[in-house]
Amino acid sequence: MAGPGSPRRASRGASALLAAALLYAALGDVVRSEQQIPLSVVKLWASAFGGEIKSIAAKYSGSQLLQKKYKEYEKDVAIEEIDGLQLVKKLAKNMEEMFHKKSEAVRRLVEAAEEAHLKHEFDADLQYEYFNAVLINERDKDGNFLELGKEFILAPNDHFNNLPVNISLSDVQVPTNMYNKDPAIVNGVYWSESLNKVFVDNFDRDPSLIWQYFGSAKGFFRQYPGIKWEPDENGVIAFDCRNRKWYIQAATSPKDVVILVDVSGSMKGLRLTIAKQTVSSILDTLGDDDFFNIIAYNEELHYVEPCLNGTLVQADRTNKEHFREHLDKLFAKGIGMLDIALNEAFNILSDFNHTGQGSICSQAIMLITDGAVDTYDTIFAKYNWPDRKVRIFTYLIGREAAFADNLKWMACANKGFFTQISTLADVQENVMEYLHVLSRPKVIDQEHDVVWTEAYIDSTLPQAQKLTDDQGPVLMTTVAMPVFSKQNETRSKGILLGVVGTDVPVKELLKTIPKYKLGIHGYAFAITNNGYILTHPELRLLYEEGKKRRKPNYSSVDLSEVEWEDRDDVLRNAMVNRKTGKFSMEVKKTVDKGKRVLVMTNDYYYTDIKGTPFSLGVALSRGHGKYFFRGNVTIEEGLHDLEHPDVSLADEWSYCNTDLHPEHRHLSQLEAIKLYLKGKEPLLQCDKELIQEVLFDAVVSAPIEAYWTSLALNKSENSDKGVEVAFLGTRTGLSRINLFVGAEQLTNQDFLKAGDKENIFNADHFPLWYRRAAEQIPGSFVYSIPFSTGPVNKSNVVTASTSIQLLDERKSPVVAAVGIQMKLEFFQRKFWTASRQCASLDGKCSISCDDETVNCYLIDNNGFILVSEDYTQTGDFFGEIEGAVMNKLLTMGSFKRITLYDYQAMCRANKESSDGAHGLLDPYNAFLSAVKWIMTELVLFLVEFNLCSWWHSDMTAKAQKLKQTLEPCDTEYPAFVSERTIKETTGNIACEDCSKSFVIQQIPSSNLFMVVVDSSCLCESVAPITMAPIEIRYNESLKCERLKAQKIRRRPESCHGFHPEENARECGGAPSLQAQTVLLLLPLLLMLFSR
């Protein structure tokens, strides 16, 4: 398809082939001489097009008017250089106060819970009708409320994304595998009812709070505000608060763990499957402050990951998943030599502790086996007695109890716990027992450590799946504290009652950051004590495969993976170590879906956020990004110009805090400012400095509205409706928009709308057109076409923007950017018209873009095509179309290649999978398998016929097959940037049988280049240059080094691994299958057989 305005006929291809054949025959083996493309003609075309398109852009954007208006105020403004160190300290202080408010709310819940429990006396016969979150408002067939399902008033609340909630009461969720009326549950629910008034009081004190909750050690979960819980698509609510990170982190101290798995011959079949699931469940309970290794043993030791022989590794998600994959490779044979395994485990813990790299706190050995023939007291005497600093937790797999006594003795003699796991359904409940044992020293110390989790998306809560913003699921951190029994008679037992917590959306942090003080490219970011990102504009949580999905390792992205130019981790390590200081480096920031790169120098300022494990950093780009100016106008002037209908403000910026009072939550930021300035809402808290600058920008930019309106009303202007939108944005987040066509006629309906995150002011960055314009020479326009997210670029518009500077010098801040969006067809027609001009008096041009022998292109400073005779090439990278020419431009220095790295990429990988074995590691499949196993046992008991092997075979005997999945990976890819100093150049490329000539000429006052290429020489021997990312593959030895490598981290400040007064007599016993459990499972059995 020919581009708009290109007159080339469809028969050209055939004619060209015939001419080429005749020419080749005439020349034989003689290399053809290249066609000479006159530079002067191309220069004329470029000048004509540049003048025309700049005239249009300047006229319709009003750039000259706006520049003039700011110049008029030049003497009335004060320019300041931003003090980055003072700025980051102030921001850290603001965040510290915000975090402190959240932790104080949690502390009040702790005090109330402990007081209520102290006053309560356990009553095994207690009958209490509580609000069960699953059953509330449910009726039977006669219309009566179900038991525990009383009427519970719910109303949509805008603070909770309009979810129906009850802000007067909490309700209670009980795990599916637990009995709703178990005496322990009923008693716990009864005394914890007193938390309701504290929940409400906390919300009154701090209306920005969202979910508050108490997770009981008995398993129930009390949540405020109360909400109805709905089962997932499988009819199950798998949530158990005790295996959530906030619960585990608050309940226990950091730990070093060695997991020993018996793989002797007696562990074959279902026992090994249960053992693997037990290991997987233990891994689920380990967090970023823990360290672990897994050793399988029979007559020999088999490290699950041989590379990590004799050491421990951090329990981050990546490492845990790596070990899970290796679990599938375990198989049972031989005899079990537990003494060898225990010796190895003790030695590893001792050696690793001496390196100073681990948790330097709790230590434990987890033993998973179907029996032990000895108590191995000589080993314990050698390594662990009398202090018993290493706890032994033993898990007996299977129904036989012949060797239970030895395993129980080992656990009890080493301050551990013994459990028996007979079925897959038993795994999770039994694994979690060890957490409450590890919590004992903390409880005895009565140390209510405040813990903050890493950033995460909690999608297990039904309401959390709906609590999303425009960008997808809400990223949050949780502040939590443990709740202890204060009854004197149980003090030495160290009884943990549970954990209280509240969620803090990360966007709450961003509200404390004055984006206008950070400059166009500036940003704030925060990391945890492990160096993982809490918030950073480059953190990408989701990937797209059919629909948007969470990346598996999104919560453990290290700062060094986004600020990758800091190869020595200088910035990262200083922040992890809670230093205050400054660091500078050249950075390569990608924009526009990673296809373009801006090279700049950033100054980083950092400090710690006291009372939390977090550190805060601020990045300011050198040059205009380091300067700020203050203008001054009267409130009356500013208010008048804010009333104009074309004015809007950045909704994600905090001009006024509308969260403090419920009556303000419905206000937009612009509405809040107007009420504040008019004195109608004295309770509104606003940023006076920012609002003063908003008023200044509103006054200075106000005349442009009338200017745009006059253009729109002039019928002789823009008659072909080529220019559709004019827009401006200022450093304060103020925007103005004018449509030159009806809204329904806009080619790009999404432009500047809330969903168009790249092109509007948001919490992370200025609009793309603003950022790119700021890097252009003042007075010039930057032109671009938006990239489609799909495989084919469907853009039909061109965006042009330019920056407005206050002063004609380098330190001048960029105060605003203005631009237009026009139809691509209109833009391309202007190009083709300009390319027909020539200086010849007789009107006969020596060369034309209409000629068969040349191809004409218009490309931007990153090498992307805006105009080509083949319309389908629009938006493509020039190197993919003209590889030989792009290669020559790189060699000549007209363009330079910049290598970029993506450490958050997702790559396709072929994995060998067995639906059965791997599926068992999924909780739901595991549960279904458990139900099948229990049913088998019942059948065994009733008919004494072994159906187990038959029933279980469908879960294990499925053939291995290759499955293609997307997995986290590292990639390398190029970006290209033009050299500004080179305005024009010509070149010749020696190909196999011809010489290819070309001319490249910069379009004046723009980021564009006209490229005219000799098309008679195809030069197919030179491969196209692509921008496709290449996966960085690591060989086995490098993979091993990366596994072993441990970046600098800071351990949590508190540790409660041991207490001499601990009463370790409660150390477990063999559970029995209760009738009530069978009754609970019957509905699930029916569901299973109906599938």
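Keep in mind that glycine also has a Cβ here, set from the backbone N, Cα and C atoms.
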*Where Swiss-Prot places N-linked glycosylation site when the choices are Asn632, Asn1035*: Asn632
*What residue among Asn488, Asn553 has an entry for N-linked glycosylation site in Swiss-Prot?*
Asn553
*Pick from 922-942, 1069-1089: which range has transmembrane segment per Swiss-Prot?*
1069-1089
*Have a look at 67-71, 262-266, 677-681 and point to the one annotated motif 'MIDAS-like motif' in Swiss-Prot.*
262-266
*asked:* By the record in Swiss-Prot, which of Asn714, Asn793 is the one labelled N-linked glycosylation site?
replied: Asn793
*Among Asn166, Asn353, find the residue to which Swiss-Prot assigns the annotation N-linked glycosylation site.*
Asn166
*asked:* At a C-beta cut-off of under 8 Å, are there same-chain residues at least 6 beyond the motif 'MIDAS-like motif' (262-266) that contact it? List them, or none.
replied: 272, 275, 296-298, 302, 330-336, 338, 367-371, 397
_Whole-number mean of pLDDT values that fall within the motif 'MIDAS-like motif' (262-266)_ = 96
*For the motif 'MIDAS-like motif' (262-266), jot down how many residues DSSP puts in helix, in strand and in coil.*
2 helix, 1 strand, 2 coil
*Helix, strand and coil counts within the domain 'Cache' (452-549) (DSSP)*: 20 helix, 41 strand, 37 coil
